[in-house]
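Novice: Below are the structure tokens for one structure; questions will follow.
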Amino acid sequence: MEDDGQSSVAETLDPALQKKHHDMLERLSARHQARKSDSPDSSSSSSSTLESTSSFLAKFSDSKRSIESRIAESRLASSSTDSSKLKSDLAEISVAIDNLEKLLAENSYFLPSYEVRSSLKIVSDLKQSLDILSGELVPKKKFSFKSKSTTKKPESKLPEIQKPDVVLPPKLVPVRDSPGLRNKHGETLVKSFEGSSIGEFTLSDLDSCQVKLTGTVNALFLHRLKKCSVYTGPVIGSILIDDVEDCVLVLASHQIRIHCARKSDFYLRVRSRPIIEDSNGVRFAPYCLDYKGIDEDLKTAGLEEETNNWANVDDFRWLRAVQSPNWSLLPEEERVSLLTISGDS
């Protein structure tokens, strides 16, 4: 997912994070172009996907081993390490785990589903190992006079250690300076990207609005939307969504990541499996938008084929074998069959 929760945070964001986010989008766009150029030869495309999967697994495994090693080293060095240094080490490990989860999210669109689930389990296990370590080490130094506090204090300490995991997902912060529609209430907002060179576009702080976007754009960011209906043409790269409630969103993209969504319906066409985090009451159905020129826009974005991935949702906060209770398929009798919009009204 990727925006901040407060305006003041956006103004003080480390420029390095902005560059990292931009580079991520460039990589996604480059991957898309590579897939398009390879598509005429199915065998070549299959080989490329296999190569990409192998490359990801190698990088993921290296990072996993590094994190496991750092956890083990921190445990061994705890007796000779001062409290402030220990906290710093644990925080760095937490950031490394978050970066590993981000790596998985960025590459999930071409990975086999079993690799995604296996990798999610690994990330979850690493987080649990860090939680246990922080519970064993940090409370001992601060609360050594309570011998039984070791098993109870991790919960009070976890928010500090896990802070990157809470703060980092809303990374829409870097795009606050990008073109967009912001701070509107009860309006119909229309924008056409036809003939435009806009790379990124943001919808932020909208309440009870209807938004119609036609044409293609490289990346789309949605942040703090309430009681809105959003209809968009295809997005070449990714769509990152944070903090939406009581909304209907009709979206097409290669990757869609949803963070903190509540009681909202998503009509999607997406090349990879949609990802939800910290969300509940969200329902999914197939993309149903129509406007003049949409077929050409879908081809331009490499989204002309329906993959049915709209129904294959990954809940990053639900790793059990049973269906996540946080999302469901929108019943057919409740779905909108077709929505027709225009770029000028």
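Cβ coordinates come from backbone N, Cα and C, glycine included.
When I checked Swiss-Prot for this same protein, it listed these features:
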COMPBIAS  1-10  compositional bias 'Polar residues'
REGION    1-83  region 'Disordered'
MOD_RES   MET1  N-acetylmethionine
COMPBIAS  23-39  compositional bias 'Basic and acidic residues'
COMPBIAS  40-55  compositional bias 'Low complexity'
COMPBIAS  61-73  compositional bias 'Basic and acidic residues'
COMPBIAS  74-83  compositional bias 'Low complexity'
DOMAIN    169-318  domain 'C-CAP/cofactor C-like'
Novice: Treating G and I as helix alongside H, and B as strand alongside E, what does DSSP give for the compositional bias 'Basic and acidic residues' (61-73) in helix, strand and coil?
Specialist: 13 helix, 0 strand, 0 coil
Novice: Just to confirm my parser: what is the rounded mean pLDDT across the domain 'C-CAP/cofactor C-like' (169-318)?
Specialist: 91
Novice: Counting by DSSP, what is the helix, strand and coil composition of the domain 'C-CAP/cofactor C-like' (169-318)?
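Specialist: Grouping H, G, I as helix and E, B as strand yields 15 helix, 84 strand, 51 coil.
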